[in-house]
Amino acid sequence: AFLMTKDAEISIEVSPRYINGDYFLRGRKLGFNRISFGVQDFDPQVQLAVNRVQRETMFFQVMEWIRAAEFESVNIDLIYGLPYQTVQSFEATIAKTLRLDPDRIAVFNFAYLPNLKPIQKRIDPTTLPDSATKLTILQRVIERLTSQGYRYIGMDHFAKPTDELAIAQRSGDLKRNFQGYTTLPTADLIGFGLTSISMLQAAYAQNQKHLATYFSDVAAGHHGPQECGFNCTVEDLLRRTIIMELMCQFSLDKGAIARQFNLDFDAYFASELAALRELAADGLLHLGRDRLEVTPVGRLLIRNITAVFDAYLQQKSGRTFSKAI
């Protein structure tokens, strides 16, 4: 068992289709104080295409149960880029999400990876919105949610001004890990269960992906049923620091990086700065003598900007990964 501090942030993600009001009351008594659930999209045609049919009334009932159980914060996940989505249909989804009045909203880009996720082969790729449509959807989402008082947090999150994420962004303390944005300063993440990922200060590890292997490792008394792991080099930590700073603050103090890692920033990253000048010419960022500043337009393409500092990108060029937009 773990001993929890009184101010611990204990979150749980639930599937609205398989729970009732008692579930939330029990969860709250167990100490959970934050909760998240996925809507993805309210449009029936979109839901049917991704085999996730969910009644609209169900979400409002779930939100009533959550509020009655007095959870401190509620997050809703949406996904754009799904089959049959249009700018207009997703605007309707945003309007209904606002009626639910969550504290946080995460709006993720759909990763269409049929080679890695065979179940996605059931999706007709001709029904997917193109990149231009997805970019317009994201722009409209930002406009609508910020006009309703939500703060745009990083690449894909929105939060009410009183939420801890928004407060952390204003104070410059916002952090990001592979799960998303967080207020926790460089905390270690320990993954439990099948496929889970652990993240330590300078290392990553992923548990077994196959159930039989996972159980056999646990039964054998292995301290960690890991399938793979990775130790970060100083170079990895340097580039991770830069990428995370840009993704969280949309600016970079070159001098601070130079002092932290004892290097001449402009000389060390000469080729990266040359690539960034092309993006600057497109209006995505400003290159100052001491700082890099991402523009509002550049925020929409922050993955493209930070990719310049990804030393492994060329090694991965032969593999398929999700697109930035």
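Cβ atoms here come from the backbone N, Cα and C positions, even for glycine.
So that you can see what the record holds, here are the features copied from Swiss-Prot:
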DOMAIN    1-151  domain 'Radical SAM core'
BINDING   GLU13, ILE197  S-adenosyl-L-methionine 1 binding site
BINDING   GLN40, ARG52, ASP77, ALA111  S-adenosyl-L-methionine 2 binding site
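Structural mapping of features recorded in Swiss-Prot.
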{"residue": "GLU13", "record": "S-adenosyl-L-methionine 1 binding site", "DSSP class": "strand"}
{"residue": "GLN40", "record": "S-adenosyl-L-methionine 2 binding site", "DSSP class": "strand"}
{"residue": "ARG52", "record": "S-adenosyl-L-methionine 2 binding site", "DSSP class": "coil"}
{"residue": "ASP77", "record": "S-adenosyl-L-methionine 2 binding site", "DSSP class": "strand"}
{"residue": "ALA111", "record": "S-adenosyl-L-methionine 2 binding site", "DSSP class": "coil"}
{"residue": "ILE197", "record": "S-adenosyl-L-methionine 1 binding site", "DSSP class": "strand"}
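Note: the S-adenosyl-L-methionine 2 site is recorded as GLN40, ARG52, ASP77, ALA111; in the same chain, GLY38, ASP41, VAL50, LEU78, ILE79, LEU82, PHE108, PHE110 also have Cβ atoms within 8 Å of that site's Cβ centroid. The maximal spread of the S-adenosyl-L-methionine 2 binding site, taken as the longest Cα to Cα distance among GLN40, ARG52, ASP77, ALA111, is 16 Å. Of all Cβ atoms in the protein chains displayed, 18 besides its own lie within 10 Å of the Cβ of ASP77 (S-adenosyl-L-methionine 2 binding site). Counted within 10 Å of its Cβ, the other Cβ atoms near ILE197 (S-adenosyl-L-methionine 1 binding site) come to 16, all protein chains included.
Remark: of the binding-site residues GLU13, GLN40, ARG52, the most isolated position is GLU13 (fewest other Cβ atoms within 10 Å of its Cβ). Cα of ARG52 (S-adenosyl-L-methionine 2 binding site) to Cα of GLU13 (S-adenosyl-L-methionine 1 binding site): a span of 16 Å. Here the C-alpha separation of GLN40 (S-adenosyl-L-methionine 2 binding site) and ILE197 (S-adenosyl-L-methionine 1 binding site) works out to 24 Å. When pLDDT is averaged over the domain 'Radical SAM core' (1-151), the result is 94. ILE197 (S-adenosyl-L-methionine 1 binding site) sits 21 Å from ASP77 (S-adenosyl-L-methionine 2 binding site), taking the CA atoms of both as reference points. Counting in whole angstrom, GLU13 (S-adenosyl-L-methionine 1 binding site) lies 10 from ASP77 (S-adenosyl-L-methionine 2 binding site) by their C-alpha atoms.
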